[in-house]
């Protein structure tokens, strides 16, 4: 039984790794519908997603610099002008939020994936920017800056990892520099937008409202961006484990009620359907947007169907079929035949 489960797991790993490796190959469909793979996918394939992810770095740079030109106006309007401790807190409290965000960034990515993590990065930046823009006192400004800092701590880590994992190998270095360029652009943008702050009353509030726009765009566009293939691979491991457990638990409940034969027929039938889905996902009849769902769905169905019958039943059935005096030798012959197949 352990051998059969190991086989199912090895089949899954081979299939999943093939899918991950295929991620780095361009699927070029010719006029007759035949697919060909080449080693270097087009840089255009991931370019837009890199730009979206770079918004996190842009926001990081923007919030680093936005306080430079606006601090004097903020301190005057919120009545802490000349209080160097308060001014220092307004500048530095976002660093405390950044520490919190960066500390939990890895945990968040592993739990929810990059797309949701980017959206969680954008959310405190939107909230914090709004709180800062509408602040009536020092406490409101500090709280807003703390929220923004949390997003700042998440953003650079997420952007760097995401760009590395979704970009083709031959342009990975080029795309990797986008995050630093975006940070520089964000810093320069904050300085340019903040120039009128000292002459125009209330302009500092506009500076904070402006930053909510790219944060909202980051959250929106990430909804249409692909997930990192490495995170999908880890998630697939978990999903297969759940499917295996559910199938094994179902076998435990049904083994003595339905009998071995019914479970075997149902299990092998489900495996046939699963392999049919796998084959269909690789054909030209299925659109590229649906082939992933068919492939992953077929793999999960295969593991589930296997664990219901083909995994646990044969070893138990064989041990029941043979008389005690030859059971051990007969089992060794059967399992040797199994490993040969």
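Every residue gets a Cβ built from N, Cα and C, even glycine.
Annotated in TrEMBL:
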type: DOMAIN; residues: 49-341; note: domain 'Major facilitator superfamily (MFS) profile'
type: TRANSMEM; residues: 46-65; note: transmembrane segment
type: TRANSMEM; residues: 85-109; note: transmembrane segment
type: TRANSMEM; residues: 142-163; note: transmembrane segment
type: TRANSMEM; residues: 175-195; note: transmembrane segment
type: TRANSMEM; residues: 202-224; note: transmembrane segment
type: TRANSMEM; residues: 236-255; note: transmembrane segment
type: TRANSMEM; residues: 262-280; note: transmembrane segment
type: TRANSMEM; residues: 292-318; note: transmembrane segment
Same-chain residues near the transmembrane segment (202-224), Cβ under 8 Å, at least 6 residues beyond its ends:
52, 55-56, 58-59, 62-63, 66, 69-70, 73-74, 77, 115, 118-119, 121-123, 125-126, 129-130, 132-134, 144, 148, 151, 190, 193-194, 196
Mean pLDDT for the domain 'Major facilitator superfamily (MFS) profile' (49-341), as a whole number?
91
With pairs restricted to those 6 or more apart in sequence, evaluate whether the transmembrane segment (142-163) and the transmembrane segment (292-318) have 3+ C-beta pairs under 8 Å.
no
Excluding the flanking five residues on each side, which residues at least 6 beyond the ends of the transmembrane segment (46-65) place their CB within less than 8 Å of a CB in that stretch?
94, 118, 121-122, 125, 148-149, 151-152, 154-156, 158-159, 162-163, 166-168, 175, 178-191, 194, 211, 214-215, 217-218, 221-222, 225-226
Would you kindly list the residues that approach the transmembrane segment (85-109) from elsewhere in its chain, counting only those six or more residues past its ends and only Cβ-Cβ distances under 8 Å?
63, 67, 71, 74-75, 117, 120-121, 124, 138, 141-142, 145-158, 161, 231
